[in-house]
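*Asks:* One structure coming up, written as structure tokens, with questions to follow.
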Amino acid sequence: MSSSTKVYDGNFSAPALAAAQPAIPNESVSPSPPANYGTLESFTDAPGREEPGREEVFGLGKVKAFVLAHLGLFMLLGAQFLSSVQGLITRFLAISLPDGRKYHAFEVLFARMSITLVGCLVWMWWNSVEHAPFGRKDVRWLMIARGMGGLVGVYGLYNSLTYLPMPDAVVITFLAPTITGFACSVIPSLREPFTSAEKFGGLVSLFGVMLIARPEFLFAIIPGFGSPEDDQIMSKQIPTITPAQRVYAVSIALIGVFGAATAYTTIRWIGNRAHPLISVTYFSGLVTIVSVAVLTLVPSTGGFVIPSGRLEWGLLTGIGVSGFAMQFLLTKGLQLTKAGKAGMMVYTQMVFALVFEWLVWSNTPDIVSVMGGGLILGSVLFVNFWKAKKGSEATVKEDAVTDEERGLLGNEGGERS
């Protein structure tokens with residue numbers, strides 16, 4: 001792979017003008033007319049008469065310059081959009097297919113990660129990645145731990161979408177950086193500081209999680225909290241969710257957060273000792289193998305469901321392709337964008353989650369979920385802004401990387417806009 005990546009800097013020069021025709025030394029002598037005299041070309045190519053381009057006429061030149069100057073941010077925005085699309089497909093396959101058909105989370109993961117695995121292997125072979133596909137021997141155990149942590153993290157998110165609306169499930173994942181910060185502070189070889197602001201933010205976030213979960217044994221004593229009426233989804237397209245199912249979903253999501261934090265911690269522990277693509281290969285490979293084993297050996301999962309019709313085939317294929325594309329956009333965007341800006345882009349997932357939940361299921365979060373999500377999101381933003389103020393942009397950037405990790409081009413250099 002190339003050691004550097006060419007980055008558009010947003011500076012564009014106009015095409016060089018054609019050389020001016022020489023002055024006529026003697027006006028009485030008429031020069032021979034050009035071959036194209038009297039044609040449209042002779043008119044538009046005459047000195048001092050420049051035909052405005054299409055981009056100039058419609059103002060597209062400035063738009064193009066703006067997009068290319070902020071290409072990294074647009075790539076990160078696209079990555080978060082595709083991440084939300086995957087959540088949307090997972091939730092739709094779990095609860096909204098016609099005729100009562102449902103896909104278990106492990107089958108969705110198999111469809112997604114098998115395509116990612118093939119893409120990673122082909123990419124490494126094509127680019128002759130060093131130590132591919134298993135990496136150096138001294139970090140293989142960390143690679144396995146990273147893969148298992150990623151498996152738990154992504155399964156926790158996908159399984160929780162069966163019972164939780166997308167905004168609730170997504171906002172819980174924002175707890176992972178806080179847990180990662182604590183883990184990295186106690187590992188002797190890392191010893192990263194875990195500040196008072198992070199501790200405070202973690203406690204506030206936990207209270208936000210309690211508001212989203214609303215366990216009946218805590219909230220039943222408060223009028224209007226914890227009752228089945230409050231947990232029913234307004235849209236008739238979605239099955240009624242009981243308080244017990246909601247607590248179960250939040251518990252699974254929290255287990256997923258710990259899994260994702262394990263993946264983030266091991267990635268920091270591995271550092272530059274392995275190409276990021278090898279890390280992603282362990283992740284996608286382990287998820288693929290475990291998914292096949294669980295669907296084959298555990299009867300309660302219902303086994304593999306054979307897709308029926310273009311809708312199901314399209315959704316399963318789409319989640320795999322979008323996963324690989326998201327990983328590419330995420331990594332390239334992180335290369336081209338400064339850390340502080342990159343860290344903030346991950347929170348656009350909340351916007352996409354809210355919009356998708358409303359468009360597909362006509363479902364909007366209730367006031368208690370809004371309060372809980374606001375506490376989590378607010379505390380995470382507070383910690384990140386505080387880190388940025390203290391000059392900890394590198395940590396902010398690391399927190400922005402989703403569980404797809406640092407992806408396809410993570411070791412390539414390049415300027416950042």
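Quick reminder: no glycine exception, Cβ is built from N, Cα and C everywhere.
Pasting the relevant annotations from TrEMBL:
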| type | residues | note |
| --- | --- | --- |
| TRANSMEM | 65-89 | transmembrane segment |
| DOMAIN | 71-213 | domain 'EamA' |
| TRANSMEM | 109-127 | transmembrane segment |
| TRANSMEM | 139-158 | transmembrane segment |
| TRANSMEM | 170-190 | transmembrane segment |
| TRANSMEM | 202-226 | transmembrane segment |
| TRANSMEM | 246-265 | transmembrane segment |
| DOMAIN | 249-384 | domain 'EamA' |
| TRANSMEM | 277-299 | transmembrane segment |
| TRANSMEM | 311-330 | transmembrane segment |
| TRANSMEM | 342-361 | transmembrane segment |
| TRANSMEM | 367-386 | transmembrane segment |
*Asks:* Helix, strand, coil: count each for the residues of the domain 'EamA' (249-384), based on DSSP.
*Replies:* 114 helix, 0 strand, 22 coil
*Asks:* Counting only CB pairs under 8 A, let me know which of 65-89, 139-158, 246-265, 277-299, 342-361 has the most with the transmembrane segment (170-190).
*Replies:* 246-265
*Asks:* Near the transmembrane segment (367-386), which same-chain residues lie under 8 Å Cβ to Cβ, leaving out any that are not at least 6 residues past its ends?
*Replies:* 165, 167-168, 171-172, 174-175, 177-178, 195, 197-198, 200-202, 204-205, 207-212, 214, 225, 230, 343-344, 347, 350, 396, 399
*Asks:* What stretch in 109-127, 311-330, 342-361 has the biggest tally of Cβ pairs under 8 Å against the transmembrane segment (277-299)?
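*Replies:* Comparing 109-127, 311-330, 342-361 against the transmembrane segment (277-299), the winner is 109-127.
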*Asks:* If you average the pLDDT over the domain 'EamA' (249-384), what number do you get?
*Replies:* 84
